[in-house]
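Data block below; observations after.
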Amino acid sequence: MLFMASKNQTGRKGRQPVSFSGPFNSTGTTPSTHTPGDVMSMSALPRSGSSSKPVMTFGVDITSTLTSPSNQLWNDKDLVQVDMDVCQGFKFTEVNYVRASTSKVVCCHFSSDGKLLASGGHDKKAVLWYADTLKPKASLEEHSFVIADVRFSPSMARLATSSFDKTVKLWDADNPGYSLRTFTGHSAGVTSLDFHPNKEDLICSCAVDGEIRYWSIINGNCARVFKGGTTQVRFQPHLGRYLAAAAENVVSILDAETQTCQHLLKGHTGTIYYICWDPSGELLASVSKDSVRVWTLRSGSEGECLHELSCNGNVFYSCVFHPTYSTLLVIGCYQTSHLCCCI
């Protein structure tokens, strides 16, 4: 059964506990030994107004496929045509599935126009797919170790990949035959990266040793080095005022300009595997294997935990906010996919 975490009708703010148990219109596979590098990232979905049909990709600890836990891509048509009552039991409709690799796929991301999908993983290569046909556009094969993250620029035809080979590579999405630039300097595997939403010259990366680096896309130089993130970094959408950085069981909200810590989001008891912003940049979700927390960065209540979702007999690993209905959060698990309301 799925329970909805919703805003108190009286307007009172506070943490709303929610628990999940049982499957949610999905099938699963038997969990295997897991490391954070085995997690497939939930996609950033195409924005409203895009010519592409909105789809959601799911997957955790999946061998050989870019898929949901049942090896599928899912259409969110059934989600957006209803009246936002998550207790009514949405179902995900299968769109298609694609054989992405002979190894585990651990990350994926849609381009901002929704026309391309990028995936990467244990086979040390990233693949670009046409989102409408799921046919491959190109294979990016310059990394020498596992690709941990892949991200498209929100404003340019560029994408970047980070790898446990300690490098970040920049690619032209239109002509991806070879990388445009390789960023070197990390002394440990690079677990995550992100483009700044407004500054086209700025890309950020973090490594397993906690080091975060700012890079200039134009000249390839490292602009800044500081500590704070081991598993994932994500800039606040649109404004880019904040950088969220996850390390162990804490999310640091850093000033993107000064790198000073504005908030420490504490409450998880286990390692945080995934973080994601809602489209407005006012909410942030963080995922550990046994809980999901939704935090607010709204003025006057910055850093407050609005919702805490715990699981019963399941394992959380990833999440994504719907791009149009930003109060809807989809959570990827080993054996199920969950939808909840996070108003």
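The backbone N, Cα and C atoms fix where each Cβ goes, glycine too.
Taken from TrEMBL as is:
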COMPBIAS  26-37  compositional bias 'Low complexity'
REGION    1-52  region 'Disordered'
REPEAT    98-129  repeat 'WD'
REPEAT    140-175  repeat 'WD'
REPEAT    183-225  repeat 'WD'
REPEAT    265-305  repeat 'WD'
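Across the candidate stretches 98-129, 183-225, 265-305, the maximum count of CB pairs under 8 A to the repeat 'WD' (140-175) is reached by 183-225. Packing against the repeat 'WD' (183-225) from elsewhere in the chain are residues 36-37, 145-146, 148-149, 151-156, 158, 160-170, 231-240, 243, 245, 247, 256, 259: each is 6 or more residues past its ends and has a CB under 8 Å from a CB in it.
Looking just at the repeat 'WD' (140-175), the mean pLDDT is 98.
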